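For 71-105, the entry in Swiss-Prot reads repeat 'PPR 1'. Feature annotation from Swiss-Prot assigns repeat 'PPR 2' to 106-140. As annotated by Swiss-Prot, repeat 'PPR 3' applies to 141-175. Per Swiss-Prot, the feature repeat 'PPR 4' maps to 176-210. Annotated repeat 'PPR 5' per Swiss-Prot: 211-245, in sequence order. The repeat 'PPR 6' annotation in Swiss-Prot covers 246-280. Per Swiss-Prot, repeat 'PPR 7' is recorded for 281-315. Among the features that Swiss-Prot reports, repeat 'PPR 10' is placed at 386-416. If you look up Swiss-Prot, you'll see 423-453 marked as repeat 'PPR 11'. Swiss-Prot lists 458-492 with the feature repeat 'PPR 12'. Here Swiss-Prot flags 493-527 as repeat 'PPR 13'. Marked as repeat 'PPR 14' by Swiss-Prot: 528-562.
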Amino acid sequence: MRFWTSAAAAEILRRDEHVVRKLLNPRVYSKLVNAFSETETKLRSLCEDSNPQLKNAVSVFQQAVDSGSSLAFAGNNLMAKLVRSRNHELAFSFYRKMLETDTFINFVSLSGLLECYVQMRKTGFAFGVLALMLKRGFAFNVYNHNILLKGLCRNLECGKAVSLLREMRRNSLMPDVFSYNTVIRGFCEGKELEKALELANEMKGSGCSWSLVTWGILIDAFCKAGKMDEAMGFLKEMKFMGLEADLVVYTSLIRGFCDCGELDRGKALFDEVLERGDSPCAITYNTLIRGFCKLGQLKEASEIFEFMIERGVRPNVYTYTGLIDGLCGVGKTKEALQLLNLMIEKDEEPNAVTYNIIINKLCKDGLVADAVEIVELMKKRRTRPDNITYNILLGGLCAKGDLDEASKLLYLMLKDSSYTDPDVISYNALIHGLCKENRLHQALDIYDLLVEKLGAGDRVTTNILLNSTLKAGDVNKAMELWKQISDSKIVRNSDTYTAMIDGFCKTGMLNVAKGLLCKMRVSELQPSVFDYNCLLSSLCKEGSLDQAWRLFEEMQRDNNFPDVVSFNIMIDGSLKAGDIKSAESLLVGMSRAGLSPDLFTYSKLINRFLKLGYLDEAISFFDKMVDSGFEPDAHICDSVLKYCISQGETDKLTELVKKLVDKDIVLDKELTCTVMDYMCNSSANMDLAKRLLRVTDDKEERDK
């Protein structure tokens with residue numbers, strides 16, 4: 001009996017059935033055959049391609065080996081079936097059962113094991129299987145290596161994949177076109193186009209010709225990288241070699257031109273496809289429609305849509321979604337809703353992306369109630385709203401100031417299983433809304449809830465709260481949040497430092513702000529001009545002009561060039577300190593830096609010179625301001641003209657009024673009356689006074 005149930009008996013029966021038949025009498029032979037045939041017949045039935053029941057087959061196999069049967073052939077066959085069905089976890093588990101029962105494992109099963117390890121992203125173990133094959137005397141083939149190459153590339157280990165290719169050649173196992181295409185695609189997906197092209201040329205040199213797939217991989221990759229000249233060069237080379245690019249290649253090129261905004265060239269390729277007699281598929285049409293919509297060319301997109309229907313190509317969910325997105329992008333929300341209804345009428349079910357586009361537009365338009373109706377429609381049609389849906393709604397409610405409803409929605413997401421669980425973006429939306437409305441205490445409560453549920457927020461969370469706590473003057477809470485960032489895995493970015501520097505400057509804690517700026521400078525993060533300007537402004541306000549100058553000079557040494565705001569801060573600080581010489585040198589430095597004074601610069605200079613009694617200098621800057629195209633505001637005009645009146649400078653007043661009238665610059669009513677009254681009571685030019693009045697009257701007429 002032991003002989004009948006041994007692994008050896010099973011193998012002998014398989015390989016040498018005629019020998020066994022001669023050695024055993026008919027009764028014994030019949031018993032031996034029946035011992036295996038019943039189980040194996042059942043296994044074959046369970047593994048039939050038409051209706052595979054592989055889990056049941058594994059159970060039957062396990063029961064058979066538990067009862068002492070050896071089913072090596074059936075086991076290896078089942079292993080192959082499991083791998084072919086892509087049920088890799090079950091296949092791996094089954095392989096271990098085969099090992100435990102001492103079942104003979106053949107080459108096919110080891111090949112399947114190799115594929116399992118690759119699918120499980122364990123390429124190191126897959127290499128071990130190759131070694132095991134070699135140890136057992138099996139000659140592994142190109143197919144095994146191709147599986148391994150695919151695994152390496154999927155793990156972004158393309159360098160190892162190239163080494164394996166070369167090792168194959170050294171072992172006289174020539175890589176085939178699939179081998180090369182796998183690694184070329186890996187390099188392309190990793191955006192290493194030069195290496196992909198280098199390997200493709202090496203492929204040619206090894207005597208392995210490029211297939212249409214090779215051309216397609218390269219063209220698609222160069223299109224995605226926006227290198228359209230190179231991609232078109234490949235197409236030209238294909239044509240020169242007598243190869244005909246397929247629709248996939250043309251679609252890649254059309255998409256590339258659409259992504260680059262070159263719709264004309266994309267449309268020309270589309271027309272070329274039609275001229276060749278090919279029928280573009282929905283993907284090709286969708287690519288072109290999306291391209292036109294992206295540039296707001298809805299008329300052209302609609303024409304392609306109509307042409308698509310005329311040609312008998314059924315628009316799919318992506319077609320409608322692209323058009324709906326385009327309509328929403330140009331503010332045509334009503335038309336987008338009509339298209340959504342048409343889509344449903346045509347039995348093309350919208351997906352979550354389709355609904356989210358419309359919900360987002362409605363929320364941006366402030367129509368949150370309408371957006372909620374779309375969410376209800378979504379549920380009614382059995383499309384489950386996702387996190388993006390609810391996050392859009394949360395943002396819409398917060399933007400509208402309906403924070404109580406936003407809070408209710410967040411708690412529903414937490415408690416109701418029909419809703420998705422909130423993510424960090426959900427919490428951030430509500431925290432930001434509460435902070436904007438100065439409800440910091442509630443925002444901090446939501447933050448505590450976030451930490452309880454998710455463990456920690458992200459940089460956006462901390463930046464919002466740091467800004468708000470410092471704005472509210474709650475320095476202790478801000479420092480507590482800063483410490484939490486330090487203790488957590490959240491990486492502080494420049495926005496985090498900016499929030500702290502700005503906040504501490506506004507609360508007058510300049511030493512802390514300076515310390516943060518220094519810390520930022522020695523880290524990998526480069527302080528922005530805004531960071532420097534915050535400190536410069538605060539130092540000037542507290543009268544620390546010397547420190548401000550040192551920081552201004554350090555800023556330039558660090559290649560963080562001052563902007564107009566930086567110069568304005570320093571000019572204003574210098575003028576307030578009575579240092580006119582420094583203010584003038586700053587104006588020169590501003591010009592050398594290629595910057596022009598703005599309205600703020602001129603305002604500060606004019607007002608400061610007037611306070612110092614330097615009317616000529618003030619008028620000089622007033623003239624420069626007007627000549628530069630800036631329209632002086634009411635405050636500047638009031639200051640300069642009233643100063644002229646107070647000093648009895650009739651001629652200078654007349655010159656200024658003439659310049660303003662010539663430029664059609666209108667004074668406010670009160671100042672016009674003051675100037676008119678002065679001009680009437682002095683020897684001023686009355687024609688000019690009338691012109692000033694006419695300009696004011698004309699402005700009033702235009703405003704009616």
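From the backbone N, Cα and C atoms, a Cβ is placed for every residue, glycine too.
Helix first, then strand, then coil: DSSP counts for the repeat 'PPR 2' (106-140) stand at 26 helix, 0 strand, 9 coil. Non-local neighbours of the repeat 'PPR 4' (176-210) in the same chain are 142, 145-146, 149-150, 152-154, 156, 158, 161-162, 165, 168-169, 217-218, 220-222, 225, 227; each lies 6+ residues outside the stretch with a CB under 8 Å from one of its CB atoms. Contact counts against the repeat 'PPR 11' (423-453), taken as Cβ pairs under 8 Å, peak for 386-416 among the stretches 141-175, 281-315, 386-416, 493-527, 528-562. Same-chain residues lying 6 or more positions outside the repeat 'PPR 10' (386-416) and placing a CB less than 8 Å from one of its CB atoms are 352, 355-356, 359-360, 362-364, 366, 368, 371-372, 375, 378, 422-423, 425-427, 429-430, 432-434, 436-437, 439, 442, 446, 453. As a whole-number mean, the pLDDT of the repeat 'PPR 14' (528-562) in this prediction is 87. The DSSP breakdown of the repeat 'PPR 13' (493-527), given as helix, strand and coil counts, is 26 helix, 0 strand, 9 coil.
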